[in-house]
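Undergrad: Grabbed the feature section from TrEMBL, which reads as follows:
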- 12-32: transmembrane segment (TRANSMEM)
- 13-216: domain 'Cytochrome b561' (DOMAIN)
- 52-69: transmembrane segment (TRANSMEM)
- 81-102: transmembrane segment (TRANSMEM)
- 122-141: transmembrane segment (TRANSMEM)
- 153-176: transmembrane segment (TRANSMEM)
- 196-216: transmembrane segment (TRANSMEM)
């Protein structure tokens, strides 16, 4: 059952934080880190795609997918399509972000999958993909029976929330890992770039919190058949 508070203010707050986070990660990678590139002699430009695609593509669009299903005052079937499409975009961009990290490592002779951040990242996006496939088959096409969908929905929602919380935590871990490397390479620990990275991580965590509050709050009343909110 939904907690007795309105989701809408937290939804607006999440949108504001999403814009702030997107701007901050772009300022970091474009201004402080030199730009973005898929192919470059400067392999750091390839890696810069990773935080941009993971934050904007995976975390923010994934969060908007979660918010859309609860907060949009639309017909259930339309919300389902929006929810499904946004999650698909998040998975695709997340996979590209992970591919950019692998490409940077391979072309720079750096080992892959040596950190806790990378282990969690591969696990989370794999489970995220499985969750999307299950949701597509169960709730979109060909669809399970009404009874099976009703029984599956709470677990689908809870597992999705669990994965998203893990993704937010892993994003913060990734910012910490990269900043630690940068500080070891000589950037000032209290300089503007270090502060920007830390505050981007803070904004990311706050965005995730606002997404969760949007999910837990009371959304607009639906005018078609729908399951009970949880």
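Positions of Cβ are set from backbone N, Cα and C atoms, glycine also.
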Undergrad: Near the transmembrane segment (12-32), which residues from the same chain, at least 6 beyond its ends, have a CB less than 8 A from one of its CBs?
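TA: Sequence-remote neighbours of the transmembrane segment (12-32) are 48, 51-52, 55-56, 59-60, 63-64, 67, 192-193, 196-197, 199-200, 203-204, 206-207, 210-211, 214.
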Undergrad: May I ask for the residues of the chain that lie six or more residues beyond the transmembrane segment (122-141) and have a Cβ under 8 Å from a Cβ within it?
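TA: 58, 62, 80-81, 84, 87-88, 90-91, 94-95, 98, 113, 148-149, 152-153, 156, 159-160, 163, 166-167, 170.
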Undergrad: Quick one: average pLDDT across the domain 'Cytochrome b561' (13-216), no decimals.
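TA: The average pLDDT of the model in the domain 'Cytochrome b561' (13-216) works out to 96.
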